[in-house]
Structure formats: C-alpha cells, structure tokens
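Features as listed in Swiss-Prot:
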BINDING   GLY722, VAL723, ALA724, GLY725, CYS726, GLY727, LYS728, THR729  ATP binding site
DOMAIN    72-285  domain 'Alphavirus-like MT'
DOMAIN    695-846  domain '(+)RNA virus helicase ATP-binding'
DOMAIN    847-1005  domain '(+)RNA virus helicase C-terminal'
REGION    51-404  region 'Methyltransferase'
REGION    719-983  region 'ATP-dependent helicase'
Amino acid sequence: MAVSSSNLNELVASHGSSGLIASALVDKVASEQLEEQLNHQRRGLKVYIRNRLDVKESEVIRNRYGGKYDLHLSQQEHAPHGLAGALRLCETLDCLDAFPRTGLRQDLVLDFGGSWVTHFLRGHNVHCCSPCLGVRDKMRHTERLLSMRKAIINDPQTFEGRQPNFCTNPAEKCDVQAHYAISIHGGYDMGFEGLCRAMNAHGTTFLKGTMMFDGAMLFDDSGFIPELKCHWRKIKNAFSEKENASTFTSKLNLAVSGKTLIAFDFENESTMSYIHEWKNIKSFLTDQTFSYNGYTYGIERCVIYAGILTYKIIGVPGECPPEVIRHCVWFPSLKDYVGLKIPVSADLVEWKTVRLPLSTLRDTEEIAMRCYNDKKTWQDQFKIILGVLSSKSSTIVINGMAMQAGERVDINDYPYIGFAIMLHTKMKYDKLSLMYDAWGASIISQWWKAMTKPIRTFVRLVARTLFPTLRPRSESEFLVKLSTFVTFNDECITDMGEVWDVTANAAAVAAWAVSDGKQLVAEKEKALELANQQPVQNDSQPLTTVNLSTQDPPRSVTAILDPENPVVGQAELPEPPELKALSFQTRSPDTRLAERASAMLEYVAYEQQLHQNVISNLQRIWCSAGGDFVTNRLEGNLKFVFDTYFLTDPLVNVHFPSGRWMRPVPAGTKYMVGFNEKGLGPKMDSELYIVNADCVICNSDGLSSAVKALTAPTGTISLVDGVAGCGKTTAIKKLFQPATDLIVTANKKSAQDVRMALFGASDSKEACTFVRTADSILLNDVPEVSRVLVDEVVLLHFGQLCAVMSKLKAVRAICFGDSEQIAFGSRDASFDMRRSTILPDESSTSDTTFRSPQDVVPLVTRMAGKALPRGAKSKYSRWLSQSKVLNSVSQRCIPSVALVDMDESRFYITMTQADKAALITRAKELQMPSSFYDNKIKTVHESQGISEDHVTLVRLKSTKCDLFKSFPYCLVALTRHKVSFRYEFCGELKGDLIALVLATHSPLI
C-alpha cells in the first residue's frame, strides 16, 4: 500500500527521522528503486569492454552509458586510448539503437567510415563504406580480416553463412541505398557538407554520428581533452613544426601547403595520431544547414560529454520557408579567464591574445598600480611586476606539502605578459594625469577640444594607417573579454519547387507501419483459412475456392516516405521502358492482376539486388587483395586474404594468367563467371580473376532481365497444400499430359527426383524437356503450354511463379507444396521482401501422409503445439498416416563426429553447413565413395522434397542454433524417412524441438 506524503510527514514528526517506521519506509523505497534499476539493467544489451580502464575512466563510461546498457568491464587488456575505444563501441550501439532493426522490416543502416568487423561479429544489418585512402586504411583492413578469421575459427557455427558487408568506395560514390546511416568518428575527412552529399547519394534522410569535440578549437591553436587524455594542435602549413622538420615532411608540406590541419595525439601513447583538415572539423562546430540536390540538411548537436559530441543530420525535401537558425558553442571553462594582448613584434605592431586567470591579472595589476613610480626606471617597474606574476603562479611548500598557487604561465609568454601589464599600468597613469589636468582647464579650452575632436580623430586614423608604430594605444588593445559562448546564425532559404507536405508524409509513414501490421494479420488469417479446408480425396475432386480479401496498396502523395517506394527519401526515378507494362499493371483495377505485377516487380528488384551483392562481395575481396580497377594484377598478401575468406566460403579462389588456381577446384565445380578489374562476367584462361560460391551459378542478372520483359499473367493458380508425404509427386504423375503440360520445380534436385519418378531417368532428353526448373524456363526458349504443374511451390517467389506462367502463356497452374515447411527465403536480409507468399485463386488441403511412419504423427503434432503460437491452427494437428511402419525414431548422444555411425545405406541431414562439412570430411577419412558424400549428405534446406528409407539427423554443436527452434526446419528433418530416423547429437541444446519431443516419446504397440 502506497504511503502518502502527509502520512510520511506525520511519521517523521511523531517518531523522528531515526524512528523504526521511518527507517523501514526509507529502506523499502530505496530497495524498490534499486531493484527497478537492476531489472532495467538486466533487460539492457550486454556490452563487454575488454580495455583496461582506471577508476575515473570507468566512471566516465558508466555515467554516459551505464543506464542504457549492461556494461561488463572485464579489464582484460591494455589497449591504445582505451577509454576512447570503449566509448566508440558504445557510441556505435547507441547510434544503431536510434533506428528500427527488428520485426517485419529489416532496415539496412549505412556506416560511413566505420569498422565493418564490429558489425560482422555482432550480426548487424549494416553496410560500411570504408575507403582505402592510404596505407593506414589498408593496415586497418588487414587487421580486421585477421579479427574476422580469428572469430570464425573459434566459432564456425555462429558465423556460418555470414558475410562481411562493406565496400572500399568513398561514401559519395557508393550506390547502396538505405534510409538511415551512422558515422562514428567518420566525418573528420568529409566535413558536414561531405556527409550531406553522401546522404543524398544513398537516399538517406537520417544520420547519427559522433566526433571528438573541444569548443576551444574555435579560438586556440592547441588544447587538451582531459577525459580522453588527448592533446590536439592546429598545424598551419602542414608539417612546419620544428620537431617534425625532415626531408619527407618538407615534401609533404609542399603537397598540402595552404591547408590548416589539426592533429589529435593521445597522452603517453606511441600509436599513430589522427590528422585531419581543420575546415572539415570546424564545419561541425559552425555550420547549421546545407542545401544540395533538392534537399536541405540540418545538423543538431545532441549531447556533449567526455569530449565526445553526438550529433544528428536530418534531410528534408522540397521548399523550406526562410528561417534564421541559431546555435551556440559554449565554453564553461572560460568564465574565470580574461584575454590579455601581448606584443609579438619589436615595433609593437603585431599582438596576440593569451588567456590569463582573472584573479592573477587583478592582483598583479593592483600591486603594479600601487608600486608605480615615475622616478624609477622601466626595468625596476618591470621586475616588480614579474615578481608578483611569479608569486601568483608558483609552487609553495607548506609543512612538507607542495601546493600550486594559481596556474603556471607559459615560459615563452611570461616576460611579455609582464611587459604588457607594465605598459597597461603606464597607460592608465598617463590617462589619469590627463583627466586631472583637464579638471582645472577653462571652458573655452574644453570647447576647443570638443570642436576639434573630429579633426583629431581623422589625424589619428591617418597616422595609424601610414605609421602603425605611431598609432595611439587604447584600453581594448590590452584587455579582451572572453565570452563563455559563441553564437552562429544561419539563414536557411531554399527554393526547390514543390512544397513538402508534412501532414501527407506523416500519414504515409503511418500507412507504411499499418500495412506491415495488416500483412502479419493477413498471413495468420490465411494460414487459419487454409488449415480449415477439406482434404483432397482424389484428382477429380474440385478444388475448394478461397476468397482472397486484398486491398489496394496505400499510395503516398509524393515519393517521399512512400510505403511502396523501396528508396525512402529520394525523388521517384523514371522507370526503364521494360517496366512500363508491369508498372501500369500494378495500377490495374483488377486486384489480382495488380498483386501479380507487384510481385513480379519485387522479384526483379530482388534479383537485381542479389546481382549487386555478388559484385559488391567480389569487389571487396578484390580490393582487400590489393587489386585496382585499372590493371589486371593483385598485390602480395594473397594467401592471408583468401585463407580468411575461405573459412566462410570454401569456393573462394584465384585464377592466375598461367591457368593454375590458388586452391584445388572441387571435383564437379565449374565457375560460370569471375571478377577482375573489368567487372563480373565470363573470363578467359589467360586472365587473372577471382571467384566465390556465387560464381558457380550466377544468373540473377539474367533472371531480372527476363522478367522485366514479361507482363503479369491472367491464368488461374490452384494450390494443393498437403502435409509431408501426401503423394504430391504421385499426383503430378497422374495429372501430367505431355501434349498440354510442363512440370516446373524450384531446384535442380527436385527436378531430378520428378524425372526419375515419371521417366525412370534424370538426364534423358524427354525427361529434361518436360521437367524444368523455374530458372531454366525463364533463361531459355521454351514452347508454350496451357497448363503448368509446379512441385514444391513454396520454395518459389510469387513473382517468379507469375513470370513462369507468363512466359509459357499458361492459362492454369496447379501448384503442390506444404505451406508449413521451409518457404522461399530472401538471401539478402536488407531487402524489404513483402510479396513472396503465393496468392492462389483456389486452394485445397491434404492431411494424409503415405511416407511418414505412425510414430512420427504424434511427434510432429506435439512439436507443432510447442513451436507455433497459442491458438494457431495447423494441418499437422489433425494429420493421419497410412504407413505400415509403427516405430521408426530413435536418438543417441555422441561425443564427437568420429562416433557418428556412417552407413552408405542411410541419408544424412544437418541443420548447418558446418556440420555438413564435418560429415563430408569424416566420410573422406573413412574412404567412402564420393557418390555417397555428394548425394547422401545434405542440409535440411537442401533435403526438402526428398524421400529416403533411412535418415540420420546429426548435430555436432551445443552452441545456440535457432534452426532447431524453427518448426518448418524441424518438420522437414523429421518427415524425410520412410522406415527409420535416428537423431545423433553432441551435448544438450536449449530449445531443441526435436530432442524435446523425442525425450517424451514412447514406442507404439
């Protein structure tokens, strides 16, 4: 029960603050607050800081990020500028947290100049633009490759299939499009305007970044950031400093003459310093807006802490009203200082301003005024002032303890400061003498002086210009008031035509989010409807019609923030001629036709994206190996680079002009294309080029081009949604009519299985004519047919299915598949996939299996109940088996791959490529035939649609693997066998669905 403030006051008044009731109440409130903080910390992201930090540095990072992240300061190793490195990791995570990264839409984030290996290790969906501007950048790339290699070797399962996502292009020249971007200390070489131009090139509207910050840079030539232990210094005329004078630096000075650089040196560290152009860093302190290519970009400085500035840049389109934008750079450390001008040249023409504590100057001038005497020589006056100045900045010893009185004055400025104070004192005495003499002057003389003041002012101006050494001195030449802030006013006036309708765009963003939610709801409703349909009894039974309720996609008023526009923040680009027909069909009043055209357009964009990814990946490897885009050569260090990439891609290789390969090419592997300075394409034996796994079958560009030229089909799509082993291939065999039909499969293995079932051979001319893969149909000339029979249709993108129907001129497609098994999945996590699900005109279900034994039925039913959301319906909750095999499943724990029971009569499946590779290696060690490990060892994804008598599922790792929690993957694994299934695993894995249901399994009698 809550205690009101009045009751609390009464308790304190009656019992006192030390009373038991008051103490208990305070303890309760304190414990509740502490528990709440601990719970919040447990929910936060765990961030492990290995750098060794002292007490003050630990407090800095905890005060900045301790409330947001669960920081673990392990104090493992000494690292260069440890606090700055630890802060950089937290800054990266903090900036990424500003953008959506989970849910239906996996938004890609760009990182301008960041460390791509950080994102690779954490699995971030981030593309890094990391140009090689010099040897330092190449050293960093090599170091990051080493870190990636080390991580993969230590934990190959975690990084299986994960590729680093970066390019070596400057940010302005990279064509990867994304809504959001970060720049963690990456803006030093680009400046504010450079970042804005990079954002415009990428279609980015929101950037969040960090940089080192010290307001004193605006008026000082050097300074110190105490939290980071970083000294900064402006270097004019490049390397003109005496301590840096050398032949090399003099040459460099000529190359960058006229530029003012700024160097950041970390205290007591011999690591390489950071040197950048001052104008780029200054732009983040002084600039406010920048208009470029139809957009106005504004910078907002968010947080300044521990010498780190966090800022954000937002781009807005269209016309902006005139506005004066004001911001300040504050210098709180200057409130106790005053500026004193001291002479630099002997003729007293050149002066400079130095900072001096206000108390020191006040006390020194006070004593100087009291001790001033006209009869003394200037040297005696000077010594008195120097003595006072020295006492105000000296070290004194009291009872054996050394104490600093004031601040020490720079040894080079010390005599000139005393000399300037002496001149200032003399000027004041002379001015007071004139005032005293004027006190007794007559009215006429005062009138004459007032009348001739303009003349005297003119004479002084002429004398000051012609004879600078004769100009009179004024008070302002000695003392300068130091402001505690600097104000910058930027008048933002842009006229770019169309006015940006903020309200309409806000509605578009809302519609965008609502459409995501509706899509999720529609998918759930569709799954429920399909599950409630009657099963298919025979081929002649009419298929149940499903009324699809769809609605037109929301359209935005402008192209900005348009939910249907994949590049948010860019003006709508003109469509190529090939897409005009499909684009026109997307606006058709026929909802079904519009859906199919939109799906085909998405499939075109998806294949184009995959093609660009292949080019980007190969270009990254080419540049990492020292290649350029002018000559056909690679620099040294090839073995290290390709050994590192070989850990994630065993097909990465180098072909030399002599015809040899760096690594032996696996038997049966033939590369379609390669990559070198000419780009991606077919290569000759006399060329130097590189390849990876994507070069074996590289047809994405051809598929996108083929689909562009087609239009959406108007034929009928029927779907038979059946459980595993319900006889889909048998139904295709019964329905097939050579005169009117063509059989389409999703992959080559399924095509071979269907050919064997229908024609008894997988490579005969007749079998290859009537059974084709979807890719083969789109890439080659095919005859027109009236009906298409599609096997494992869930592995196809809906747009690809529509393209196949369009090219074959088919009026009907009868599709077979299982909507609850592994469906089509995007190979690019950053691609916004929305229209891959098959939308049939007619749908029916089949819930009887002829393949799976009797004991598999309750296991799968139990597995569906545990994995699927509460209330979700599934075909497998009421499926039946016609198999005569009663008991088929078993399991056993094994310590390593060496004890896996390898038998040529069994079919082996794994969830991961790493486990598959380990089994293949084991089979080679046992000298088993190549036909066995080439055809009898597959991943679960590769084995979908396959039927075998004896199946063994192998898991060799107990580390986290989400595939064992996925119902579609576990369903495929448990329904491939006809006679026996054995699960062999190493160690316990939390959340393993198959192990969970097998643990409660009892044999059927």
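Cβ atoms are placed via backbone N, Cα and C, with glycine included.
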Using a 10 Å cut-off, grab the number of neighbouring Cβ atoms around the Cβ of THR729 (ATP binding site), all chains included.
-> 21
Residues within 8 Å of the GLY722, VAL723, ALA724, GLY725, CYS726, GLY727, LYS728, THR729 Cβ centre (excluding the ATP site residues themselves) = PHE816, ASP818, SER846, THR849, PHE850, ARG851
Quick one: give me the count of other CB atoms within 10 A of the CB of GLY725 (ATP binding site).
-> 24
Min neighbour Cβ count (10 Å) across binding-site residues GLY722, GLY727 flags GLY727
State which of the following binding-site residues has the fewest other Cβ atoms within 10 Å around its Cβ: VAL723, ALA724, CYS726.
-> ALA724
